[in-house]
Number of protein chains: 2
Amino acid sequence: MTGRNATHDPARRSWVESANAEGTDFPIQNLPYGVYSEGGGPRRVGVAIGEMILNLTAAEAAGLLRPGEPPVFDGGTLNALMALGPDEWSRVRAAVADLLDAKAGPHADLVLLRQDAVRMHLPVYLRGFTDFYASKEHATNVGAMFRDPENALLPNWSHIPIGYNGRASTVVVSGTGIRRPLGQIKGPEDMAPRLAPTARLDLELELGTLVGTPSRMGQPVTVAQAQEMIFGFVLLNDWSARDVQLWEYQPLGPFQAKAFGTTIGPWIVTREALEPTRVPTPDRATPLLPYLREPTDCNYDIDLAIDLAPAGGAARTVSHSNARHLYYAPAQQLAHHAISGCAMETGDLLGSGTISGPTHDSCGSLLELTRNGREPLDLDGVRRGFLEDGDTVRLRGWCEGAVRIGFGTCEGTILPAPAPPV
Amino acid sequence: MTGRNATHDPARRSWVESANAEGTDFPIQNLPYGVYSEGGGPRRVGVAIGEMILNLTAAEAAGLLRPGEPPVFDGGTLNALMALGPDEWSRVRAAVADLLDAKAGPHADLVLLRQDAVRMHLPVYLRGFTDFYASKEHATNVGAMFRDPENALLPNWSHIPIGYNGRASTVVVSGTGIRRPLGQIKGPEDMAPRLAPTARLDLELELGTLVGTPSRMGQPVTVAQAQEMIFGFVLLNDWSARDVQLWEYQPLGPFQAKAFGTTIGPWIVTREALEPTRVPTPDRATPLLPYLREPTDCNYDIDLAIDLAPAGGAARTVSHSNARHLYYAPAQQLAHHAISGCAMETGDLLGSGTISGPTHDSCGSLLELTRNGREPLDLDGVRRGFLEDGDTVRLRGWCEGAVRIGFGTCEGTILPAPAPPV
């Protein structure tokens, strides 16, 4: 069996042996896209298969993908493919699967490299970055700590996928060091703010949605149209400086507390690969306005985990959540984003907001896991309220269905703050 | 006298006669950059001189600017020039002035077109758009209306150039129609929100700052460095849907209320052209943290006006303000933007926030001018609380010194709302 309908077949196997191994994130049913370079060479588009990467730039140049069409894998990003739309995404995915199918076997024009022998880069030229706040549990937990425990969830939250524009210039790929930011900090007892390195550096466990098909300025889209505009998903860590955030965020929202860095995973898992994992959004007491209603299940059953390793220590899993907890699915976030006529562009990244589950050990930030630092985590004897220099955070994501569809990892290590500008 | 130090000489005259006329925005001392096309042809970079545009793409190709260097005016935007840095900005400006000097005279390779015979485009590929809130009078007026008249200015305002990330994808050039947005609206008496066209469509009179020189992620900059990073300024109208804003803005700030459109003027007045107009920021009761202090005067004495024309009616000037009212100068906004290590990029646009002066007739928004619609403006018998379909808003800006340095106009007309998505 080959072709477009075969890409989810759990019985399908690849001639790349590591893709057939139990527990791999990257079986032939996944085929996530990334951008890599080898030994300082140019950036290539690749697809993960087991422990390997298939060079799609070379495969396309050899006429094995989209023969006779203008190339899309020669620009060092996925943007050209993303702009082609869902029919072409499906065709390319099916063609890549056929190249890697066990029935096909190796081919002289297919270049395979070990993933641990290359350097990964941002897979997309990111046009805009928006961060939502779409987990009810997270919004409730933060509202209780930052505002009022009695009215933790603001009245608009149940009606609007609340979001704000973030900063695209500091979205970096997994493995990039994150420098502890300077910022204005003012404690409740302080007479005036001071400029200092944040003392409450946090992580946020999120799912990032990548927009492929653009929309036009002045033209809203339905949730069904929004779903079709989505190319794929990445793991996303929205690093946050909680002390800076608390002092700056009123009335216009977070700014420098979030601007110093956002890490995304190297692999874009396509929407099509996740089709078998679709689930409905959670029950809601308040009906949504028609423009936000789900025509079909738009959430995804993606297990998520946070591993934290103190400098020199071993990593410990400190949280375990799931993307199905999102109260507003990615397509609902996107439909709301465009409701005013805001033009969405190829390469826009939409963070889901921290995905916290209903239990304490499924919270997606240290703010929640340590109750604002008051109950530090115990990492084999090392205590952590917030992140310290040298700490490494690793996010993981995977779907456990008939086959495992994984996201790989999204990592970052904290670097010391810079000197203040003088 | 020619060369870099001559570009401000008020006695200098051009062989383009309209540039020497009393009251022109575009004498030889200004030389603002823009991008235009003629009869559906390709985009060219040009400079405004009197009623004309000089084609810089052609002048560069003819070897009259930067001979022997890689071209910067062939890409249809100003970004390539902006990335070169202040020394090269000065050299190019001096060379353009010399080409247009009365002592030089016309030249066979200089292509001049009438401004009213071309179409203007966005002058810059905009990377990010950030909107500040840097006028004390505006923040006080809005805080009194949206929150608490007794505590209109929040405690952080006097310490932080408050800002938020906006949406770059809907920044458009003067003359582009602005479609009235749909949005969630909930009045104080309503049980639930509804989706409807905004009934409180507003304008905001702002100055936009364009970043030329980028900064590195993880590396803050001083105010002095920020000043040198600024390429120039544009008029900016940050269209706003006040009813949408009121319902959505807590706790993460404005989102769809501002995402449907932002209009900038077609002409970038360079920082160098405005050097003679530098003034200090207003007196402040609370000292700023050292990283925000002005090493030298960083504000600009730019007169600003809002003209409003109802559909089919004549334009009336409804406000008259000045950029010198900004409590935080553009370079201070930029230094704050980078304090966390946020990377600033060539083509970043920083809106100042609405620039309101101390008097009622110097307010920069209808929200303030009409006291939230309660005191409509009388436009020759037509009453306006907020904007109606067909209304045209025109912003103007100019400096009255030894010579007038003008920004031209920044215009937009309101189009009817689209149908809701179904």
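Every residue gets a Cβ built from N, Cα and C, even glycine.
Annotated features in TrEMBL:
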type	residues	note
DOMAIN	A:29-123	domain 'Fumarylacetoacetase N-terminal'
DOMAIN	A:129-414	domain 'Fumarylacetoacetase-like C-terminal'
BINDING	A:ASP131, A:GLU204, A:GLU206, A:ASP238	Ca(2+) binding site
BINDING	A:TYR133, A:ARG147, A:GLN245, A:TYR249, A:THR354	substrate binding site
ACT_SITE	A:HIS138	active site, proton acceptor
BINDING	A:ASP238, A:LYS258, A:THR262	Mg(2+) binding site
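The structure, with features from TrEMBL marked on it.
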residue	record	DSSP class
A:ASP131	Ca(2+) binding site	strand
A:ARG147	substrate binding site	coil
A:GLU204	Ca(2+) binding site	coil
A:ASP238	Ca(2+) binding site	coil
A:GLN245	substrate binding site	helix
A:LYS258	Mg(2+) binding site	helix
A:THR354	substrate binding site	coil
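Highlighted in sequence order, A:PHE129, A:ASP131, A:GLY166, A:ARG167, A:GLU204, A:LEU236, A:ASN237, A:TRP239, A:SER240, A:ALA259, A:GLY261, A:GLY351 have their Cβ within 8 Å of the centre of the Cβ atoms of A:ASP238, A:LYS258, A:THR262, the residues recorded for Mg(2+), and are not part of that set. The residues of the domain 'Fumarylacetoacetase N-terminal' (A:29-123), classed with DSSP into helix (H, G, I), strand (E, B) and coil, number 28 helix, 22 strand, 45 coil. Each of the binding-site residues A:GLU204, A:GLU206, A:ASP238 was ranked by the number of other C-beta atoms within 10 Å, and first place falls to A:GLU206.
Residue pair A:THR262 (Mg(2+) binding site) / A:HIS138 (active site, proton acceptor) shows a Cα separation of 18 Å. Taking the C-alpha atom of A:ASP238 (Ca(2+) binding site) as reference, the shortest distance to any of the recorded positions A:HIS138, A:GLN245, A:TYR249, A:THR354 belongs to A:THR354.
For the residue listed as 'active site, proton acceptor', the nearest neighbour among the listed binding-site residues (A:ASP131, A:ARG147, A:GLU206, A:GLN245, A:THR354), judged by C-alpha distance, is A:THR354. Here the recorded positions are A:TYR133, A:HIS138, A:ARG147, A:GLU206, A:TYR249, A:THR354, and the ones sitting under 8 angstroms from chain B, going by CB atoms, are A:TYR133, A:ARG147, A:TYR249. Around the Cβ of A:GLN245 (substrate binding site), 22 further Cβ atoms fall within 10 Å across all displayed protein chains. Compute the center of the Cβ atoms of A:ASP131, A:GLU204, A:GLU206, A:ASP238, which mark the site for Ca(2+); besides them, the chain residues with Cβ within 8 Å of that center are A:LEU205, A:LEU236, A:ASN237, A:SER240, A:LYS258, A:THR262, A:GLY351, A:SER352, A:GLY353, A:THR354. On a Cα basis, A:ASP131 (Ca(2+) binding site) lies 9 Å away from A:THR354 (substrate binding site). For A:TYR249 (substrate binding site), applying a Cβ distance below 8 Å and a minimum sequence separation of six or more within one chain yields A:PHE255, A:ALA257.
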